[in-house]
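In TrEMBL this protein carries:
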- 23-519: domain 'K+ potassium transporter integral membrane' (DOMAIN)
- 532-776: domain 'K+ potassium transporter C-terminal' (DOMAIN)
- 60-81: transmembrane segment (TRANSMEM)
- 152-174: transmembrane segment (TRANSMEM)
- 220-242: transmembrane segment (TRANSMEM)
- 268-287: transmembrane segment (TRANSMEM)
- 299-319: transmembrane segment (TRANSMEM)
- 344-369: transmembrane segment (TRANSMEM)
- 390-414: transmembrane segment (TRANSMEM)
- 426-447: transmembrane segment (TRANSMEM)
- 454-474: transmembrane segment (TRANSMEM)
- 480-500: transmembrane segment (TRANSMEM)
Amino acid sequence: MDLETRTCQNHLKKESWRTVLTLAYQSLGVVYGDLSTSPLYVYKSTFDEDIMHTETNEEIYGVLSFVFWTLTLVPLLKYVFIVLKADDNGEGGTFALYSLLCRHAKLNPLPSFQLADEELSNYKKDIDTHAPTTFGAKVKSTLERYRVLQRFLLVLALIGACMVIGDGILTPAISVFSAVSGVELSLGKEHHKYVEVPVACMILIALFSLQHYGTHRVGFLFAPVVVTWLLCISAIGIYNIIHWNPYVYRALSPYYMYKFLKKTQTRGWMSLGGILLCITGSEAMFADLGHFSQLSIKIAFTSIVYPSLILAYMGQAAYLSRHHVMESDYQIGFYVSVPEKIRWPVLVIAVLAAVVGSQAIITGTFAIIKQCSALGCFPRVKILHTSSTIHGQIYIPEINWTLMLLCLAVTVGFRDTRRMGNAAGLAIITVMLVTTCLMSLVIVLCWHQSVSFAICFVIFFGTIEALYFSASLIKFLEGAWVPIAMAFIFMIVMCIWHYGSLKKYEFDLQNKVSVDWLLSLGPSLGIVRVRGIGVIHTELVSGIPAIFSHFVTNLPAFHQVLVFVCVKFVQTPHVRHEERFRVGYIGPGEYRIYRCIVRYGYRDAHKDDSQFQDDLVCNIAEFIRTGNTGLNSNAADLKNFEDSTAVGTASTHVSRVQLREDDEVKSDSVGTSELREIHPSQLTKTKKSVKFVISETTKIGRGAHEELRELMEAREAGIAYILGHYYVQAKQGSSLFRRIVINYGYEFLRRNSRPLTYALTVPHASTLEVGMVYHI
């Protein structure tokens, strides 16, 4: 018996390690595509103008030493051993750190936040119950007290997001252009520039044009391509080390960095912007954490990526240390160190690796924009999920074509890796600086570590990144202005949309309809109640929206069952399906008016399809079944409804109330337990039969039985969607700044963003929009 138990445990252990190694292999294609292609352009960008490659080899050895220690300290030490531990329920990235800080300090930047959201299992999962340090408690109270600091924290997170978007524009351009630049060794100097740009543009157009198919169709090729590329550059590196300079390993000593800076001085400091490109893509290790695991990413980087990159850079340095006089200045790049016989196969592999690396950053850009939109900081866009199994694979048409046009503009406008590198370097290092700042707060507030540890973290890594940041910023006129300009534009868009959305929500709160008004209408609401379910989408989590009274005042009929649905996002990456719906009454039960709050995490996929409709109806039915119909109809109890009677209900996957459509479905398909069915009226003739299936052991009162029957008849008649169509204007007496922001900025974004029907993907045939003017 003991032997069998031990064998079973060993089998589970082997299986878990097999899973980890599989994830590590898959992460090579998704996470490290960008980082692995950096040897294509690092040396070329570094030696382009600022420093010269002399016969003393002090420059090339100094650059190699800088590359080695930068790769060791930033990706390996900072990200692999420290930052990866700051995950938000398994998710990583700038918004994961921001979400952690908001939950620990209870900043709650979302206006629809409720105390019940803190009861979510994922919300409290990462919150440490240990008492914070004295300094941490002071920082927490200061953040919670001052609104200015909370806004600064949000702006800091948005700056990081804007620079990630800039990286999504610049990285495909420099990666593809550098990979294609290998043709320069086969063509004459006069002709290669006429070939590189058109070929790079064609590859970029093909790359962005295929995005709507999703990466899951060709994703199985990503890891083999990157593995082949890493093995290729490491083998070429070993060959160059052995053949040209076996003693190049001595340049790994930090002493050569000192000699480099002493000799080159200001020019050497300016060349750090090119060396910085060796860590491009390091942020992806943290941003793509949700698709893999900490251990798999660590194994992939330490065992394959890191050694391959070091060998590649050492091999290039070994070759250049024996070749001081080049035929042309532009031939100091990667391909000059590749043996001539294998140059064309390497060129093909490099182009494929560049495409894979570009695909990863494009997908990451889609993800960061989805998170910004979920937190109310980006206009509504149409988000298409290209994979039914992997939640992170999405496609945003507007953003895709915008990225393509900007990427082509950068490629055609710059036409060389030097200015592209200056632009990409500034975007990369800014994101890393934002991560360092947010991590220092996470160390104190979330990990409850000593303030000295946080200070040491900021000083050590902040100094390194500030040095590279200053070297990139000095190249402002030579390409570095591009990410600043793009980030500035995206930042204005995000701030205007966030400000306008916040003011619009405040207007909704101030103009919501009171419960007393609803009680005065009576169960029929003073109008004709027609068959069917009316779903009224609202952003309010409490109260009755103004569009309801606007509709009732102008139209003489409404549906027999009304559901006020609020779809909102919370400060956690994922919400478990069984905790997603919260259902309650508005008014007495005989009014047949319900409120349903649907909660999603900022990384969750929201699809308002037939499955969502079934989940909505089943959760209302489960709310009725559990005995929540015995509410007093007096006004005092009804006014306290929002805080007392909205309860969470289970999803259709675990609910005891199940929904069936079509009479062909047999009762034994549900399970072996005895079931009874609630049928609608036999006199009703419809195209689709709907019924609820409830276990025989469940006791239901007469009132709940009638309410379930009426809900079922309404579902069988169909669902109609009532949406608000808002026109926003600044109210009279507003300042000039508010009038410009609201009347021109926010209104322009609202008109050119996707309407609510696209964001919710509700059927147009059953949609009714109610127009209102908001004076905010």
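A Cβ is built for glycine as well, from the same backbone N, Cα and C atoms used for every other residue.
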Any contact, the transmembrane segment (344-369) to the transmembrane segment (299-319), with at least 3 Cβ pairs under 8 A:
no
Counting Cβ pairs under 8 Å to the transmembrane segment (426-447), which of 152-174, 268-287, 299-319, 454-474 comes out on top?
454-474
Applying the under-8 angstroms CB criterion, which one of 60-81, 152-174, 268-287, 390-414, 454-474 scores highest with the transmembrane segment (299-319)?
60-81
